[in-house]
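A.B. asks: If you scroll down you'll find the structure; I have some questions about it.
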Amino acid sequence: LDVLFFIVFLIIYVLTVSGNVTIISVTLADRQLHSPMYIFLCNLSFLDIMVATAIVPKMIQDFISLEKTVSVPACISQCYFYFFFGTTEVILLAVMSLDRYVAICIPLRYSTIMSTQMSFQLGLASWAGGFFSVLSPMIIISWLPFCGPNVIDHFFCDIEPLIKLSCGDTHLLEVLKLVLSTVVLLCSLLFTVLSYLYIIIITILHIPSSSGWKKAFSTCASHITVASIFYGSAIFMYIVPNKEFSFSLKKAVTLQMAVFSHLLNPFIYTLRNQQVRDALKDTVS
């Protein structure tokens, strides 16, 4: 099965990178897309590429390699970049829901509230939040002793298998991991859900035309679907206690979140957008 998995995940990785690179290229090439929403979408596409790159190349290498090994520094680095880019994406999804709330609920003040400076600051805050929220756990992991047998029960260097491999005291790290995961994920999820609920309940129900209602609801529904899958998988993996479910199931959920969701994001968030499709046609021609 190694060859089959190698081919499947190589195709997924190529599609993920090419789809997100296309979105970034079209957005940069077309001046009409130089708006806050597409700036955030460019950030999301770049994060999708980086999360997939942190995981998939090493994973597909292991599928066709006889020695499936990784050094301790490389393993900790992979774990750090996976959580850094993933946490940044979690925060960015909440920022994007705020952008959609302002655009739909306060359209006349949108350009004033979501100025270029504000968009840059919100994007920078997402990156800073992702960087600092995972820095402390990774520093603690780098101090842990690993006495062996150093066999990682996972597809990549996730934080939970790394903690299990340590022969030192990991209580502080486990508490810190749970607190940070709970705060970041639940706060971001709550903010995202409230933004879209407010959009649906207050604004969409007051749109007079059925076509406008369907268009607005379709946009929100697709965003909510992606966010629900992403948040649900992350909460199940990093907040729900291990005793409730088998770790094999958690590994499968993590693989779905780390690989497949980043393939779907370009199609759900951007390529369904008529303005982006028109810009893509203009760029190609």
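Any Cβ shown, glycine's included, is placed from N, Cα and C.
Per TrEMBL, the features are:
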- 6-26: transmembrane segment (TRANSMEM)
- 19-269: domain 'G-protein coupled receptors family 1 profile' (DOMAIN)
- 38-60: transmembrane segment (TRANSMEM)
- 80-103: transmembrane segment (TRANSMEM)
- 124-146: transmembrane segment (TRANSMEM)
- 178-205: transmembrane segment (TRANSMEM)
- 217-240: transmembrane segment (TRANSMEM)
- 252-271: transmembrane segment (TRANSMEM)
A.B. asks: Give residue numbers and ranges for long-range contacts of the transmembrane segment (38-60): same chain, 6 or more residues beyond its ends, CB-CB under 8 A.
C.D. replies: 5-6, 9-10, 12-13, 16-17, 20-21, 23-24, 27-28, 70, 78, 81-82, 85-86, 88-89, 92-93, 95-96, 99, 119-120, 122-123, 126, 155-156, 258-259, 262-263, 265-266, 269-270, 276
A.B. asks: Across the whole of the domain 'G-protein coupled receptors family 1 profile' (19-269), what does the mean pLDDT come to? Round it, please.
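C.D. replies: PLDDT averaged over the stretch: 82.
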A.B. asks: Can you name the far-off residues of the same chain, 6+ from the ends of the transmembrane segment (178-205), with a Cβ under 8 Å from a Cβ of it?
C.D. replies: 87, 90-91, 93-94, 97-98, 100-101, 104-105, 129, 133-134, 136-137, 213, 216-217, 220, 223-224, 227, 231, 234-235, 238-239
A.B. asks: Residues sitting near the transmembrane segment (124-146): Cβ under 8 Å, six or more positions beyond its termini, same chain?
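C.D. replies: Sequence-distant neighbours of the transmembrane segment (124-146): 43, 72, 76, 79-80, 83-92, 95, 159, 162-163, 165-168, 170, 172-173, 176-177, 180, 184.
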